[in-house]
Amino acid sequence: MTQNSSKSVTLDNQPRFSSKIAMILTCMGMAVGTGNIWRFPREVAKHDGGTFLIPWIIFLFLWSVPLLMVELSIGQHTRKGPFGAFAKLGGRKLAWMGGFISICTMLIMCYYAVVTGWTLKYLILAWTGQLNGIGSEQSVALFDSFRSTPQALFFHVAALLLGGFFVYRGTKGIEWLNKILIPALILILIIGAVNALLLPNAGVGLQYLFDVDASKLMSAEHWIAGLTQSAWSTGAGWGLMLSYAVYARDDEDPITTPMATGSGNNGIELIVALLIFPATFALMTQGAAYISGASSKGGIAFQVIPLLFGQMEGGPVLNILFFSGLAFAALTSLVAMLELSTRFFMDFGVPRRRAIVITLVMAILIGAPSALSDKIFDDQDFVWAVGLIVSGLFLNILVWIYGPAKFAGDMLDRNPGFIKPGKWFTVAMGLVLVEGLVLLGWWLYQMAGSGWRVLASCLFQFAIVIGALWLLNDRLVKRVKD
């Protein structure tokens, strides 16, 4: 296959991203989402500030970046989504593993669209001034009165249709979206962080954010939390980068691009922390407790931020900027999930436009219960977040079956940049395997401690998906188009 770098379509009629910068920004759009903005500050607050940052940084390079390298190189090499890629590299008997990765992320997409709808709603509230001067009780009541209502369902559908529009436009639409929104998001967060850092007593928040308690580093909980945050926030193991890599240029470096994506993702999380912690400690009593006690379903973003900005000069403008950034982050991640789902159906010969329609109808119907019920939302969020660990392990298993040294030579050494593939990759894959098994075991143990129903729900849903894929594996493989 040959490539003309001046064009976005190759002789095999597969579209390509126009440049390496476009690829990196698109991958950052995939990684950066709402969890970076509300989950990261909460985890930092719950796990002793700077002490949490150490395992978070370490696992970026011991879990996330290696898996992102695997995803990019597989997608670039096979030009298939996860199901087709597993069939091509690991043999037809392993295709169901790729199918699990796709379906796991597709099910996350169904309820993630609900969250994206929340961001659109709050963006409208910010623009219309309804968040200005809001009090604590009003902020909580506003969020609760909107969540799990028909209005939330409406915005769920609106978010999917908006994301579907950019996926419908193909690589040009996806690339344009990320080239505009990711720089805009970074600029918005920097403006917010600068305003927060100028507040009186902002230094107290900075001290908490970067202060390291060496004794707490002996706690396994801190290391598990750091690994979990890195695994979920970078999108490593989701199959999203694999799907985008189908459209990577032939000269794309499968090592430095994932490193840039992961580092950029973590950099944005730090900017968010530089906004949240100085502002919270400057304006609220018991800042860390206030942040860590915020609802996992967006309390920081939808309840805390309006309160903070209400006490800052230029609060209405900051509200507009922040919720614009939050909506941008949510939308770019949703588009990545929609593209993965579209690619899943396209691998079976479904035309792109029809695949998009199937994806949107499926996401609207499956996501509707999560839009209308907190209980269902929480169940799906917990179950398929654990499923992502399984997805990461499946990618790791594929590498071991192929052979780590052979994989490095065939996939990573195609367009090496300043970092060359070597024995370090085999060591990294060994560490990923151990980390994944430990993380999966820990989460299953946590579920068992929460009651048998939580664990049973997770295992039951896993069994349905894996069982169906395993039984249909041979039939599905025969339908995969070259």
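Backbone N, Cα and C define each Cβ position, glycine as well.
Those TrEMBL annotations? Automatic predictions, nothing curated.
Copied over from TrEMBL:
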- 21-40: transmembrane segment (TRANSMEM)
- 52-74: transmembrane segment (TRANSMEM)
- 94-114: transmembrane segment (TRANSMEM)
- 152-168: transmembrane segment (TRANSMEM)
- 180-203: transmembrane segment (TRANSMEM)
- 223-247: transmembrane segment (TRANSMEM)
- 268-291: transmembrane segment (TRANSMEM)
- 317-342: transmembrane segment (TRANSMEM)
- 354-372: transmembrane segment (TRANSMEM)
- 384-403: transmembrane segment (TRANSMEM)
- 424-445: transmembrane segment (TRANSMEM)
- 451-472: transmembrane segment (TRANSMEM)
Interface present between the transmembrane segment (317-342) and the transmembrane segment (223-247) (three or more C-beta pairs under 8 A): yes
Cβ pairs under 8 Å between the transmembrane segment (152-168) and the transmembrane segment (451-472), at least three: no
Spatial neighbours of the transmembrane segment (424-445) far in sequence, C-beta under 8 Å, 6+ residues away: 59, 62-63, 66-67, 69, 224, 227-228, 231, 386, 389-390, 392-393, 396, 399-400, 404-405, 407-408, 412, 455, 458
Candidate ranges 94-114, 317-342, 384-403 - greatest C-beta contact count to the transmembrane segment (451-472) (under 8 angstroms): 94-114
Surrounding residues of the transmembrane segment (52-74) on its own chain - C-beta under 8 Å, 6+ positions past either end: 27, 43-44, 46, 85, 89, 209-210, 212, 217, 222-223, 225-227, 229-231, 234-237, 239-242, 245, 248, 252, 254-255, 257-259, 261-263, 266, 392, 395-396, 398-399, 407, 411-412, 414, 425, 428-429, 431-432, 435-436
The transmembrane segment (384-403) versus listed stretches 21-40, 94-114, 317-342: most Cβ pairs under 8 Å: 94-114
